[in-house]
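Taken verbatim from TrEMBL:
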TRANSMEM  B:6-29  transmembrane segment
TRANSMEM  B:41-62  transmembrane segment
DOMAIN    B:89-296  domain 'Cytochrome c assembly protein'
TRANSMEM  B:96-113  transmembrane segment
TRANSMEM  B:125-142  transmembrane segment
TRANSMEM  B:178-198  transmembrane segment
TRANSMEM  B:210-230  transmembrane segment
TRANSMEM  B:250-266  transmembrane segment
DOMAIN    B:316-639  domain 'Cytochrome c-type biogenesis protein CcmF C-terminal'
TRANSMEM  B:394-414  transmembrane segment
TRANSMEM  B:426-444  transmembrane segment
TRANSMEM  B:450-471  transmembrane segment
TRANSMEM  B:491-516  transmembrane segment
TRANSMEM  B:620-637  transmembrane segment
Amino acid sequence: MHPVRKQRLIIVLCVVLFSSAAVGLMAYALRGNINLFFPPAEVAAGKAPLGQPIRVGGMVVEGSVQRSADSLAVRFEVTDYQATVPVVYEGILPDLFDEGQGAVASGVLDEQGVLRATEVLAKHDENYMPPEVAEALEASKAKGMKGQGE
Amino acid sequence: MIPEFGHFALIVGLCLAVLLSVVPLWGAWRRNTAAMALAPGLAVGLLVFTGISFACLTIAFLQDDFSVEVVANNSNSLLPVYYKFSAVWGNHEGSLLLWALTLALWTAAVATFSRQLPLLMLSRVLAVMGFVAVGFLSFSLFTSNPFARLLPGTPVDGQDLNPLLQDPGLIIHPPLLYMGYVGFSVAFAFAIAALLGGRLDAAWARWSRPWTNVAWAFLTLGIMLGSWWAYYELGWGGWWFWDPVENASFMPWLAGTALLHSLAVTEKRGLFKSWTVLLAIFTFSLSLLGTFLVRSGVLTSVHAFATDPERGLFVLVFLALVVGGSLTLYALRAPAVNSRLRFEWLSRETLLLVNNVVFLVATLTVLFGTLFPLLMDAMGQGKYSVGPPYFNAVFVPLMALLIPVMGLGPVARWKRDSASRWKAELLLPAIAALLCGLTLPLLQGGDYNAWVALALVLAGWLVLGMLRDAWRRLRAAPDLLRGLRRTPASYWGMFVAHVGFAACVVGVVCTSQYSIERDLKMSPGDAQTLAGYRFEFLELANVRGPNYLADEARFTVTRDGEEIARLAPQKRRYLAQGSIMTEAAIDAGLFRDLYVAMGEPVGENGAWAIRLHYKPMVRWMWLGAILVAVGGFVTVADKRYRRQRVLAPDSDGAEVAHGASA
């Protein structure tokens, strides 16, 4: 084989090997680190996995936010008007978190169906709603109307 | 009247861009010198009219002309003047106009500073940039006109600029970022012009290199500013979130880093030509993709498309046209510019090849992580999110793999080198790096941190190897001054950039490993101790700013009874829209930052949720990034970029021959 071609072949083989290693690494990293969004109705229906990182979002139920007296622990409920999911979290809530507003919590669901959140996100501004929440609410509204029609 | 004038100037700009993209190209095809010679003039005209248009929009903002929709939505009469100025690009329409203006600026710069280029090449380069300008100016005019009026129905006052954007960092962050993003269009235009001409040689790489380096340096500064802004403005002390918008600017940077190293090989050795061209196309495509991701609204949701299908579709079609067109051209022309040169395995070429592969794989992993949620959503597979752990898990090993090679690179010789020479050169720095790296973490006390040790060993290897090499160069000269002068500017640029990268690595790893963060409930009078610093919450006060009201928590920080700093974080409520913002208070230092931010009021007695951070070495990251950018700028001062006329004879004859063989 021509030496230039041989060199090129070896380079290509090395690049392929290296890229496959990278793809393997990516797949491994992806497995543990992506999380799927579930609306509260699906969590209540038992469709969400326990012990795996997930995101749950909806409106924060009015009057459901309870703070601990001596720490930053907080408990609240999110709803899509079909079902509610209780969330516990310890830390500082985002500026725009409020009762009656949209929020997304990511964390792990425990045996009692409580989401142990490691992160809580709220909408960005007055008009903006987390897109997953907007969609979940719309789906739930559509379902509710169909329910009334039947 | 002024907005209409700006609108008109924008239309004239578009017409000039159309002419610029057609006439010189036709001239290059027909060998019509008069048509080709029009290109520089058209480029300057494009800059003038885009500039007028931008100035008109700026005037509308400064004069509080709320009959202009963009002004009404993004400004307010109470807004301080400098934020009115930055509000021009703090919105979709204005930032697109800034994009177009930046592009016009680069085009005119190429026209001005490349008079020594063969006219044929220059006219093609400018035409390609003109084509890109056509895309963005028509996007601006047809889908997001910044001069649209609200008549009748002019509001009395504007809705205010998003408070997050009311910050000095954000005044210069977008222009710098765009200088970088858009600057890659020059490298792209050179690559396309070379493909059109079928002539890819060392001269081409030499023309393209300074432009690429400057664009890359601007992008580095832009990204660094964005990270710094996120750190002090978002109020939770993070500096990089692997957020899709951040990734959108980071991907062109990664690909651009590969490009500028590959250009070095093409210039010095005439190798990797096709590869360099492909990288130039890839880098600019990622800039466009970034613009698409950020500007189409596809990131907040795939369904934002539905609310504004025109914009998303426009950029997508333009993207497809640019990427598809240039790749087709590449497929047709690249084989004709193949090289048949060889290099040994132990050579600088191999090391730079490793650099390219690592940066390209890094780019692709970030690209995949960014697009994965969009793809899954588009295929109806559910709403996933890919978090920082994914990016860290793939990115950290890649960088750890890069640095050993990066330390060898500057020392290695082109074409052929030997392991024994490497050993002689680098054994000492390697041992010194190992010793420093392994012992320095002991100074911190507490548990021995292996990650910090690894980072210090790698950074030490990089810096000590470079120092040894620089010393060897200077020693060869008769005296220090002449040695400094004899060493080319591109070497010093590389030196500074690599040292900056090492500082950045040390900063990132130390701050990630040693940071202490506490979220606490504190009332006035409470005190907490963090890493030996005593934070005392003195009092709570109400403060009034120009367009906001704020609660201010006043802290003193003492260490061993000695006062270190007074910190006053705020929780602001902006009057125009009632939006709430956290303003962190930071005591910055070269070796540590102290960071206090307010969460929310909890319970009685004025108790607040308070966030206290101790962040060691966090400044190293940004200072390192600044050094990297400075390095990029320094390389351009190299003498060889100024002697181009002699080295680059007009290529007409050679090109016809090439065309025939292709």
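For all residues, glycine too, the Cβ spot is worked out from N, Cα and C.
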Region pair the transmembrane segment (B:41-62) / the transmembrane segment (B:250-266), three or more CB pairs under 8 Å: no
Would you kindly check B:6-29, B:210-230, B:394-414, B:426-444, B:450-471 and say which stretch has the most C-beta pairs under 8 angstroms to the transmembrane segment (B:620-637)? B:210-230
Going along the chain, which residues at least six beyond the ends of the transmembrane segment (B:250-266) come within the CB cut-off of under 8 Å? 180-181, 184, 187, 200, 202, 204-205, 208-209, 212-213, 215-216, 219-220, 223, 272-273, 275-276, 279-280, 282-284, 286-287, 289-290, 348-349, 352-353, 355-356, 359-360, 362-363, 366-367, 370, 632
Overall pLDDT for the domain 'Cytochrome c assembly protein' (B:89-296), taken as the rounded mean: 89
Given the transmembrane segment (B:125-142), its same-chain partners at Cβ distance under 8 Å and 6+ residues beyond its ends are 10-11, 13-14, 17-25, 28, 39-40, 42-43, 46, 50, 93, 96-97, 99-100, 103-104, 106-107, 110-111, 114, 117, 185-186, 188-190, 192-193, 311, 314-315, 318, 321-322
Do any residues of this chain, six or more beyond the ends of the transmembrane segment (B:96-113), have a C-beta under 8 angstroms from a C-beta of it, and if so which? 10, 13, 20, 39-40, 43-44, 46-47, 50-51, 53-54, 57, 88-89, 122, 125-126, 129-130, 132-133, 136-137, 139-140, 144, 146, 174-175, 178-179, 181-183, 185-186, 189, 211, 215, 291, 295
